[in-house]
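These come from Swiss-Prot:
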{"type": "ACT_SITE", "residues": "130", "note": "active site"}
{"type": "BINDING", "residues": "25-39", "note": "NAD(+) binding site"}
{"type": "DISULFID", "residues": "205-217", "note": "disulfide bond"}
{"type": "SIGNAL", "residues": "1-18", "note": "signal peptide"}
């Protein structure tokens, strides 16, 4: 057992300890609470339903956070890490007041953006190796979790019985090109006049002209992000319906053969 533990923490200490189709998030909430919430939802999700506050789905605002370093109250993204090690370091920093917390293992999907790839040199915290999930992470997308007690990660990965591999199999995070127009830089930010963002600037951003409706740069970014999120959600729903229909067809075929 000592040898197994030793090997586990050697792997944990390596920056390469990452799975290409898995992401990680440290969170103080236990799995049953996450399940009741429907998954790992952005803070702005609750604000929207409780107070009618519009979610801010601006990646640059999300990455910067607030001036005090905390998550924005209207944030429309959920932060994850590329590696277990990065998530553990984040947990030890922001959850140091908890004797027990969890690191959730999450399947990748196209509503997720590598912050450093999208924001490039303007990424405010590049060392965090963050991948942000637009609109949150459903419970069915959570592969499992590790329990962390007094800073030590439990060796056992607890599998989520409600994880649906067939929904997320072969899905990857969004390519950086999909995220450039959703970057969310302020209207006059120099990034909109530089490569690669200059070719993806929404109307009203940088040197791009205003929209016909007169929307500002921020409003246009919000609109584009909303459209992107809805298209992704529709894709997942179609996949769920397709799988359900396939199961019904199989059931009917077996019934007819009996």
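Glycine residues also receive a Cβ, built from the backbone N, Cα and C atoms like all the rest.
Here the structure is a predicted model, which means the values were calculated and not measured.
Overlay of Swiss-Prot feature records on the structure.
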residue : record              : Cβ within 10 Å
25      : NAD(+) binding site : 22
27      : NAD(+) binding site : 22
29      : NAD(+) binding site : 14
31      : NAD(+) binding site : 18
33      : NAD(+) binding site : 11
37      : NAD(+) binding site : 14
39      : NAD(+) binding site : 19
130     : active site         : 23
205     : disulfide bond      : 28
217     : disulfide bond      : 23
Tell me the coarse DSSP state (helix, strand, coil) of residue 35 (NAD(+) binding site).
helix
Reported as an integer number of Å, what is the Cα distance between residue 130 (active site) and residue 25 (NAD(+) binding site)?
10
Spatially closest candidate among 25, 33, 35, the listed binding-site residues, to residue 205 (disulfide bond) (Cα to Cα):
25
Just how many other Cβ atoms lie inside 10 Å of the Cβ on residue 35 (NAD(+) binding site)?
14
With H, G and I counted as helix, E and B as strand and the rest as coil, say where DSSP puts residue 25 (NAD(+) binding site).
strand
Write down the Cα-Cα distance for residue 39 (NAD(+) binding site) and residue 217 (disulfide bond), rounded and given in Å.
31
